[in-house]
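*Asks:* Mind having a look at this structure? Questions to follow.
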Amino acid sequence: MSQGVRRAGAGQGAAAAVHLLVTLSFLPSVVEAQVTGVLDDCLCDIDSIDNFNTYKIFPKIKKLQERDYFRYYKVNLKRPCPFWAEDGHCSIKDCHVEPCPESKIPVGIKAGHSNKYLKMANNTKELEDCEQANKLGAINSTLSNQSKEAFIDWARYDDSRDHFCELDDERSPAAQYVDLLLNPERYTGYKGTSAWRVWNSIYEENCFKPRSVYRPLNPLAPSRGESFYTWLEGLCLEKRVFYKLISGLHASINLHLCTNYLLEETWGKPSWGPNIKEFKRRFDPVETKGEGPRRLKNLYFLYLIELRALSKVAPYFERSIVDLYTGNAEEDADTKTLLLNIFQDTKSFPMHFDEKSMFAGDKKGAKSLKEEFRLHFKNISRIMDCVGCDKCRLWGKLQTQGLGTALKILFSEKEIQKLPENSPSKGFQLTRQEIVALLNAFGRLSTSIRDLQNFKILLQHSR
């Protein structure tokens, strides 16, 4: 490349940087002025979360996501949409997900045992002996196919009763390992009717909202009628929490897209970075008629919920039987040490959300509401198979499953307290898929809050 071309490229880069700062100087101080104070439905303030995330959580969770155990996620991106005929997959090149070659996957992960983090599951000889004993002790090997299918259905039903998500079958030929570091979440150009239909279905059909109540910014909303927030405040705590979790997840995903946006592509090389115009469109209080700050507050609320789940599940991983197994003993030990260190930090946070305030009414009513809550969220996890962009589907499924795992943890406190030290628990288990989703989903939330902090700094410097 000639010096003239290089100078032109450098000049364009400098011009882009100046343009960014000038644009930022006109951006209303969304984060500083409006996303502050104590969050509703809990006793935690946003500044405390910002400081805790910046200095305690973000550096460690980012490092954890780079470890082999957490960077490889097995997912089925070919499951058909169960709710409507698909419009076809996105043909934009940035929508594509590159599956991981078999040779790149650590041997301990691709062995395929869903509970491969358990030390006893990592002893091949013990597994072979166990399988041989099962064969020798079999009572009846002449079950009909119909009976076998019934047993499989029963096992699947028993296993799914505490799940808040529709889990992918990792044994399916369509399920593939994906290296999350090589397929980052960012704006791909996927938008329009297909994307709108997914989120509209989530909000309109799964957030306990009657059709007579219209969401904010809906152009079809009548000039008169019950306002959305009057309706929301009239709901029980559990249903308000459900809406805030979905809104927070939506805000977090939108923030990732604004932060990693395709700004330009020169000589075949894309340039990714923050898109201020897109950020304003989604979060500016004027352009969103006050909705942007509410959405960002719901992001903080979601962070609190997942933070609480991590603090509650710590005893599960503190047991000596749990080994985050990849086949590399030294790295596995370091990974577990780092994970336990993160758990210690989560337990030190002084203003946790109190999940005991949920489902605390009469036992029958509380049980029914909890089941309704679980089934609504499980339905949302199924809607993620309707996303037309593979990369968006990947991260949507992962973050939904991570939140579903967090909810499973929060409502399994008694089972976690009864965990045996040196043997698997029948009352509470996490698969590797759930563990990877849980920590990566929380890592995405931590990154979102960090990105908001970066916007604060850019705003201060531009004045």
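In case you wondered, yes, glycine gets a Cβ from its N, Cα and C as well.
No curator has checked TrEMBL annotations; they are predicted automatically.
As annotated by TrEMBL, active site, nucleophile applies to Cys389. According to TrEMBL, the feature active site maps to Cys392. Residues annotated as FAD binding site in TrEMBL: Arg186, Thr188, Trp199, Ser247, His250, Arg282. The annotation disulfide bond is assigned in TrEMBL to Cys90-Cys95, Cys130-Cys165, Cys389-Cys392. Here TrEMBL flags 1-33 as signal peptide.
What's the neighbourhood like for these features in this structure?
*Replies:* The Cβ of Cys389 (active site, nucleophile) has 23 neighbouring Cβ atoms from other residues within 10 Å, across all protein chains displayed.
Packing around Cys392 (active site) is summarised by its Cβ count: 25 other Cβ atoms lie within 10 angstroms of its Cβ, all protein chains included.
Of all the Cβ atoms in the protein chains shown, 19 others lie within 10 Å of the Cβ of Arg186 (FAD binding site).
Residue environment of Cys95 (disulfide bond) contains 19 other Cβ atoms, counted within 10 Å of its Cβ in all protein chains.
For Cys165 (disulfide bond), the number of other Cβ atoms no farther than 10 Å from its own Cβ, over all displayed protein chains, is 25.
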*Asks:* Measuring Cα to Cα, tell me the gap between Cys389 (active site, nucleophile) and Cys95 (disulfide bond) in whole angstrom.
*Replies:* 5
*Asks:* C-alpha of Thr188 (FAD binding site) to C-alpha of Cys165 (disulfide bond): distance in Å?
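*Replies:* Here the two Cα atoms are 25 Å apart.
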*Asks:* Enumerate same-chain residues with a sequence separation of six or more from Trp199 (FAD binding site) and a Cβ-Cβ distance below 8 A; give 'none' if the list is empty.
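*Replies:* Counting only residues 6 or more apart in sequence, the Cβ neighbours of Trp199 (FAD binding site) under 8 Å are His250.
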*Asks:* Spatially, and counting Cα to Cα, which of the binding-site residues is closest to Cys392 (active site)? Options: Arg186, Ser247, Arg282.
*Replies:* Arg186
*Asks:* Can you count the other CB atoms that lie within 10 A of the CB of Arg282 (FAD binding site)?
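*Replies:* The Cβ of Arg282 (FAD binding site) has 20 Cβ neighbours within 10 Å.
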*Asks:* Count the other Cβ atoms sitting within 10 Å of the Cβ of Thr188 (FAD binding site), across every protein chain shown.
*Replies:* 20
*Asks:* Take the C-alpha atoms of Cys95 (disulfide bond) and Arg282 (FAD binding site) and report the distance between them in angstrom, rounded.
*Replies:* 21
*Asks:* If you count CB neighbours within 10 Å, which one among the binding-site residues Ser247, His250 has the smallest count?
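*Replies:* Least crowded of the binding-site residues Ser247, His250, by Cβ count within 10 Å, is His250.
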